[in-house]
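Just below is one structure, and these are the notes that go with it.
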Amino acid sequence: MAANMYRVGDYVYFENSSSNPLLIRRIEELNKTANGNVEAKVVCFYRRRDISSTLIALADKHARELEEEMENSEMADLPEKQKHQLRHRELFLSRQLESLPATHIRGKCCVTLLNETEALKSYLDREDAFFYSLVYDPQQKTLLADKGEIRIGNKYQADITDLLKEDEEDGRDLAKLEERVWDPNSSLTEKQIDQFLVVARSVGTFARALDCSSSVRQPSLHMSAAAASRDITLFHAMDTLHANGYDMTRAIAALVPQGGPVLCRDEMEEWSASEANLFEEALEKYGKDFTDIQQDFLPWKSLTSIIEYYYMWKTTDRYVQQKRLKAAEAESKLKQVYIPNYNKPNPNQLSNNVKPALLNGAAGAGVPGPPGSGQTPGLGRACESCYTSSSYQWYSWGPPNMQCRLCASCWTYWKKYGGLKMPTRLDGERPGPNRNSTSPHGLPLRHSGSPKFAVKTRQAFYLQTTGLTRVARRLCQDIIRPRYMARHPYLPVNTAAIKAECALRLPDKPKKLLQHKPIDRKPLESVVRYLEAHPRPSKPEPLTHGGSISTGSLTPIKSSPILNNGSPTILGKRTYEQHNGLDGTKSKALTPQWDIMAKRVGDAGRPLASLQDEVHELD
């Protein structure tokens with residue numbers, strides 16, 4: 001029951017696609033919509049696979065610099081497999097908020113800020129554990145270091161001197177270390193100091209009445225008096241009194257110099273109403289991240305001015321009203337929500353009851369795999385991640401043309417961590433036993449390991465088969481179905497079943513295959529003379545009804561270019577002679593054939609006896 005209760009602040013998995021990895025989010029709010037559904041307002045976390053390779057290089061550089069600063073070589077000492085899996089545990093925090101249906105929650109996880117006190121390997125030892133150290137901005141496409149880390153070192157902490165013993169004098173010159181701004185042992189009494197502060201407030205109120213900008217912001221007298229009673233006026237009065245040696249006459253004269261009364265204003269008075277509204281909007285979005293507030297909302301204000309305004313703004317009635325309003329909204333919102341376990345089947349599940357027509361090679365007599373292989377009949381591919389051949393459930397994974405699949409354990413790892421336990425050909429890092437060295441049909445490839453060459457290649461390759469494979473093609477044609485496979489090149493072939501069937505059928509065949517009878521082929525000149533003696537009969541002219549048509553007035557139809565095998569070229573623009581650099585001219589190598597054709601036309605009136613002699617000579 002507690003595992004299915006989700007509260008504000010929990011890190012959870014969200015599913016937005018049946019084939020993609022789960023999203024990692026932090027719940028900020030739980031709201032009930034008008035139709036009764038529950039929506040979660042969440043903070044987005046991004047994986048390494050979600051950001052560009054340029055930013056990934058920057059993140060790796062930051063990690064190396066952090067290791068050098070901490071003098072920690074733990075990452076370099078890890079094996080390659082653990083390094084690969086540790087990259088799946090790294091996340092990137094963002095300031096982006098989005099609303100997702102609460103019914104898409106698929107479980108809880110743990111996300112922590114990376115610190116030097118925790119070993120990286122500890123994340124691999126725990127399930128559903130992630131870490132982050134950088135902040136990703138999806139709009140600006142930038143990575144920044146998170147401000148939440150504790151900075152330790154000489155750059156950030158002061159050196160504390162040893163405690164002085166009793167009756168030990170401090171040899172330092174205190175005048176250079178500090179400056180006195182108020183003397184509590186002065187000759188003035190508390191009543192005289194309060195009277196001077198009242199005079200200072202009155203001067204401040206009069207100064208605001210003379211200032212044009214102040215009269216616009218604070219048109220009433222009581223608002224000017226309230227502004228004159230703020231701390232900035234009192235601080236100025238006490239500094240003036242201390243600077244004049246606590247002489248009341250000289251201090252009052254300093255409050256009203258020759259040019260007029262001195263006006264002291266703090267950040268609350270300097271800021272306009274529109275700037276105050278921008279600050280409240282920025283505070284709602286970024287919280288107390290004053291650097292982002294300055295960059296995105298108030299670039300014309302200094303960082304000191306923004307921080308001073310924030311702490312003064314917290315003393316106003318505006319802050320109290322907003323705090324009460326947020327507390328009332330929090331009371332009306334949901335504190336937690338119950339989400340039952342998601343038990344619907346995934347569309348990527350592969351059926352274990354494979355029909356014979358689906359996988360070629362299993363249509364024989366249900367031939368099992370080789371002994372000790374543990375391979376399911378009809379399934380020739382292993383898991384793309386752990387290379388196992390047996391699993392209670394399989395899932396399709398990767399591009400459809402590559403027909404990769406994952407076992408149940410690796411599929412769960414893929415959904416949670418956004419990667420595979422071991423690198424594959426899609427990562428381009430490590431070859432596997434049944435992927436880079438063989439094609440989907442179990443045959444060797446020249447360019448292995450790259451999906452680009454597996455799908456389409458511009459380079460020629462030589463496909464060499466063994467003698468047993470050539471024999472199996474003839475003995476097991478009913479299982480292989482070569483014509484069907486030629487039209488479906490991406491269907492897998494169960495080579496294990498074919499080899500087993502070939503081993504059963506091979507003893508029934510003769511040990512020595514029949515040799516083909518050699519054929520004595522005639523020379524080309526004899527064939528040409530034979531074709532001359534047996535010309536192609538002319539087609540009968542079509543019968544026309546009505547008047548005759550003169551062929552002289554017709555435009556000749558351009559015949560399609562013919563290759564040397566007699567079929568029309570698929571290029572359709574250049575003839576055979578143009579492809580050989582002849583630009584349509586008569587080739588020298590074909591000159592005897594052109595002469596023969598001309599001779600046929602010229603010898604149309606030759607007697608029949610001479611033609612019969614040539615026929616007998618050809619035979």
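Counting starts with 1 at the first residue shown.
From the backbone N, Cα and C atoms, a Cβ is placed for every residue, glycine too.
Note that the coordinates shown come from a computational prediction; the quantities given were computed from them, not determined experimentally.
Per TrEMBL, the feature compositional bias 'Polar residues' maps to 547-568. Annotated domain 'BAH' per TrEMBL: 4-147, in sequence order. Per TrEMBL, domain 'ELM2' is recorded for 148-259. Look at TrEMBL and you will find 266-318 tagged as domain 'SANT'. As annotated by TrEMBL, region 'Disordered' applies to 425-450, 535-569.
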Helix, strand and coil residues within the domain 'SANT' (266-318) as assigned by DSSP: 38 helix, 0 strand, 15 coil
Tally of residues which DSSP labels helix, strand or coil - the domain 'BAH' (4-147): 42 helix, 61 strand, 41 coil
Model confidence over the domain 'BAH' (4-147) (mean pLDDT, whole number): 87
